[in-house]
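Asks: One structure, as structure tokens, below. Some questions next.
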Amino acid sequence: MAAAQRWLPGILRRGDGLARRLYSSASSLLFDDTQEQFKESVHKFAQETIAPHAAAIDASNHFPKDVNLWKLMGDFNLHGLTAPEEYGGMGLGYMYHCIAMEEISRASGSVGLSYGAHSNLCINQLVRHGSPAQKLKYLPKLISGEHVGALAMSEPNSGSDVVSMKCKAEKVDGGYVINGNKMWCTNGPSAQTLVVYAKTDIAAGSKGITAFIIEKGMPGFSTAQKLDKLGMRGSDTCELVFENCFVPHENVLGEEGKGVYVMMSGLDLERLVLAAGPIGLMQACLDVAVPYVRQREQFGRPIGEFQFIQGKLADMYTSLQSSRSFVYSVARDCDNGKVDRKDCAGVILFAAERATQVALQAIQCLGGNGYINEYPTGRLLRDAKLFEIGAGTSEIRRMIIGRELFKEE
């Protein structure tokens, strides 16, 4: 504890400034002046508003009770970056969304994951497929941070094979009655608005799935106990329970039987935005490791002077920069209307696996201190691993890329 108290504040303080110097020249190759200014402003906001709570969020497994991070991010206009201005959004592109995801995740992986589920999985689904009435009803409060959003596809026995879901929506007068369960729902315990997929025709396979907008407090809808996760702690995750939950017809998102279209049409962009999360975690690893090896002395000199430590830093740096370049080049293509499924799967596959390795290297650079929870490196490793599993496992991403390449002429 004493060692951490002696080293950690200086490391994080010096690491922040050092990181800005180290990466300013590289980022200028990726961003125009406006995007660079946006990145600096989000960085400052995240470091001042979110980063001070990161360790406590991980330890307590919940967001701070005395600070409403959702509302603060809403006040900073981060939730609706890709949403139309008429609903309170910014009307910007995925370059900006990825920048925000990177910097928030750099400050706290848990907050970054919850932010991504809210702004990307929920808000963007409503933007792309909501009716004018649905957008007017739900988007303003989600964008302001007054309400929290979530999305639920997976079930206890339906993860990667999402089309095999058992949650059923039976058509009745005026709407549908939903019965079943959803699993691993990020933001589930705190969400007021949820996009949920259910089978409206069991015999129709992928053509029998429909997307619904579920509101907290609907009779028959409840959340089970919050899940105790290895990492991304504080980013609330739970099981959703539907017991004869009536959902009015006007809460169908898109059309009946078109749920897979709603799901798949946004999945590529969802993978892209989430891929910026591992970028932020890799940056956070370097924020800690580089200043530490400058200060930590063994054999009479800073350990950063030893070539094997410099080699680790070089590997960490190139993993970060190659991942960052890949993510933002794909984001730029998406903003230009060129959405490539294999590239969107590729960016999160590559960045997620690199982030886990970079976090391991950061722990190794800190040695015994890296294994102590007073330092952030262990948290960064536990957070990074999620991105190899959530939003489609690495194995599924490889399958998507291989399938797309096989189909090409």
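Every residue gets a Cβ built from N, Cα and C, even glycine.
What Swiss-Prot lists as transit peptide is 1-22, and the listing cites a curator's inference. Feature annotation from Swiss-Prot assigns FAD binding site to 151-160, 184-186, R296, Q307, 364-368, 393-395. Positions annotated as substrate binding site by Swiss-Prot, on the basis of similarity to another entry: S160, S206, K207, Y261, D268, L269, E270, R271, A391, G392. Annotation source Swiss-Prot lists active site, proton acceptor at E270, citing similarity to another entry.
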Asks: Among K207, D268, E270, A391, these being the binding-site residues, pick the one whose CA is nearest to that of T186 (FAD binding site).
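Replies: Result: the closest of the binding-site residues to T186 (FAD binding site) is A391.
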Asks: Do any residues at least six apart in sequence from L151 (FAD binding site), in the same chain, have a Cβ closer than 8 Å to its Cβ, and if so which, in order?
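Replies: Listed in sequence order, they are A117, L121, C122, Q125, C185, T186, L194, V195, V196.
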Asks: Going by C-alpha distance, which of the binding-site residues K207, D268, E270, A391 is nearest to N157 (FAD binding site)?
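Replies: That would be A391, the closest of K207, D268, E270, A391 to N157 (FAD binding site).
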Asks: Under a three-state reading of DSSP, tell me whether S160 (FAD binding site) is helix, strand or coil.
Replies: coil
Asks: Please name the residue among the binding-site residues S154, N157, S160, T186, S394 whose C-beta has the most neighbouring C-beta atoms within 10 angstroms.
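Replies: In terms of Cβ crowding, the pick is T186.
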Asks: For substrate, with binders S160, S206, K207, Y261, D268, L269, E270, R271, A391, G392, what's the maximum Cα separation in whole Å?
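Replies: Across S160, S206, K207, Y261, D268, L269, E270, R271, A391, G392, the two farthest Cα atoms sit 23 Å apart.
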Asks: What is the interatomic distance between the Cα atoms of E270 (substrate binding site) and G367 (FAD binding site), given in whole Å?
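Replies: Cα to Cα, E270 (substrate binding site) and G367 (FAD binding site) are separated by 36 Å.
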Asks: Want to know which binding-site residues, from S160, Q364, G367, are within 10 Å of K207 (substrate binding site) at Cα; which are they?
Replies: none
Asks: Counting every protein chain present, what is the number of Cβ atoms, excluding its own, within 10 Å of the Cβ of A391 (substrate binding site)?
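Replies: A count of 24.
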